[in-house]
Structures are given as C-alpha cells and as structure tokens.
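Features as listed in TrEMBL:
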type	residues	note
BINDING	15, 16, 17, 18, 19, 20, 21, 22	ATP binding site
DOMAIN	8-182	domain 'Guanylate kinase-like'
Ligand SMILES: Nc1ncnc2c1ncn2[C@@H]1O[C@H](COP(=O)(O)OP(=O)(O)OP(=O)(O)O)[C@@H](O)[C@H]1O
Ligand SMILES: O=P(O)(O)OC[C@H]1O[C@H](OP(=O)(O)O)[C@H](O)[C@@H]1O
C-alpha cells in the first residue's frame with residue numbers, strides 16, 4: 001500500500017460547551033503541519049461567529065441530509081449539525097482532520113471513519129460558566145442550559161480517547177494535545 005493511500009485520522013474534539021474546543025483547534029491548526037479542519041453545517045444564524053461554519057435553514061439541512069447525505073449528523077442545543085461527506089476527500093491530502101463533534105455521536109463516528117482519535121477536553125464547572133459568560137455568544141438562559149448539559153458522559157466502548165485538561169492556560173492544553181496526536185498523524189502529508 002502506498003503512503004498516499006492511507007487516510008488521515010479523523011480527530012474529534014469533544015467536551016462541554018465553553019471548554020475551549022474551538023480555541024484548542026485553532027491553536028493546533030497553527031502548529032501542526034498538514035492538519036486541517038472540517039467545516040460543519042449548522043442550522044445556526046450565520047453571523048454568530050465562534051467558528052467557520054456553513055449556516056443553513058432547517059429546510060436546507062433536511063434536503064442535504066437526503067442528497068448528497070452527510071457523513072454524520074446530530075442535534076444539540078436546539079440546532080442541527082452535520083459533517084459533510086467532503087471529509088473523505090480531505091483525509092486523502094491532510095496529516096489529520098479535526099472535527100468538532102457531539103459526545104453522543106462518537107460511537108457512530110468510529111464506525112463511519114475507522115481511524116478516530118478523540119480529544120476529550122475538560123474543565124471545571126466554574127471555569128465553564130465564566131468562559132461562556134465572557135464569550136457572550138448565548139444569552140443567560142441558553143448558558144444555563146449548556147451548563148446543565150456539561151456533565152454528559154462519554155459513551156462506553158470507545159477505542160482511542162485522550163483527555164486534555166483545559167482548566168488552566170490554553171498553551172498547556174495545546175502542548176498536551178500536540179504531543180498526544182503526533183503518533184497518529186500522516187507524516188508524509190506535512
Ligand atoms: N485555557 C483557556 N483560558 C482562558 N480562556 C479560554 C481558554 N480556552 C478557551 N477560552 C475562552 O473560553 C471561551 C470558550 O471557548 P471556545 O469557544 O473555544 O469553547 P468551545 O468548547 O468551542 O465552546 P462551544 O462548544 O460552545 O462552541 C472563549 O471565549 C475562549 O476564548
Ligand atoms: O454536549 P455534546 O452533545 O457533547 O455537544 C453538543 C454540541 O455542543 C457544541 O455545539 P456548539 O459548538 O456550541 O454549537 C458541540 O460543538 C456539539 O456539536
């Protein structure tokens with residue numbers, strides 16, 4: 001088998017809202033050669049920022065789900081999220097592909113992607129509350145709902161879970177994640 005025929009690993013970054021998944025991914029993209037991020041399709045208004053995503057209506061999401069279909073999709077916080085099938089092509093030319101997933105779709109993701117490395121990002125409840133309020137993307141009621149969901153357990157039976165504590169400095173979490181990911185990356189695509 002030639003090196004180019006091996007697909008890059010899908011690297012799922014998961015954890016409660018506000019834990020720092022987007023911040024960690026942005027830092028890893030700057031530091032790791034050949035690492036790319038798969039954009040998500042979300043039924044969220046386009047101007048809210050926080051990550052680069054394809055904003056669609058509920059109707060458009062439902063249509064795309066039928067054709068061309070998604071690699072993976074789920075619902076959370078009253079929104080629908082999807083990973084497009086384009087991820088397959090991205091895996092042919094990257095050292096690794098980062099995706100932001102819900103914890104509840106991880107077993108499905110393992111089945112869909114084969115090589116799935118999971119970065120499970122954690123922080124204390126107090127830290128989460130402070131970060132969500134400082135970020136200010138959601139109103140207070142929505143922040144309360146997100147905090148109530150924070151303790152969602154990881155599914156049992158996952159094969160490769162790496163826990164990254166982001167309660168402290170972001171730089172420490174980035175270093176830990178980079179070190180843990182190195183053995184999984186496709187070095188010939190850097
Ligand atoms: N280690 C850190 N120290 C201080 N602030 C941080 C740290 N990590 C992230 N933040 C800040 O916390 C807020 C939430 O981070 P971020 O948006 O990356 O979280 P998230 O897990 O992607 O959230 P969501 O799932 O809701 O999109 C942001 O304002 C970010 O700048
Ligand atoms: O709590 P669980 O199910 O793990 O995650 C649910 C969703 O919450 C976050 O959404 P957003 O990025 O804040 O819109 C994650 O990205 C994920 O899609």
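Even glycines carry a Cβ here, placed using N, Cα and C.
What TrEMBL says about a protein is an automatic prediction, not a curated fact.
Close contacts with ligand 2, defined as a Cβ under 6 Å from any of its atoms, occur at 17 among the binding-site residues 17, 18, 19, 20.
17, 20, 21 are the binding-site residues among 16, 17, 20, 21 whose C-beta comes within less than 6 Å of an atom of ligand 1, given in sequence order.
In terms of local Cβ density within 10 Å, 18 ranks first among the binding-site residues 16, 17, 18, 22. Excluding the listed site residues 15, 16, 17, 18, 19, 20, 21, 22, the same chain places 121, 123, 128, 131, 166 with Cβ atoms within 8 Å of the centre of the ATP site Cβ atoms. Within 10 Å of the C-beta of residue 19 (ATP binding site) there are 26 other C-beta atoms, taking all protein chains into account.
Around residue 15 (ATP binding site), the same-chain residues at least 6 positions away in sequence with a Cβ under 8 Å from its Cβ are 21, 103, 120, 121, 122, 123, 166. In the structure as shown, the Cβ atom of residue 21 (ATP binding site) sits within 10 Å of 22 other Cβ atoms.
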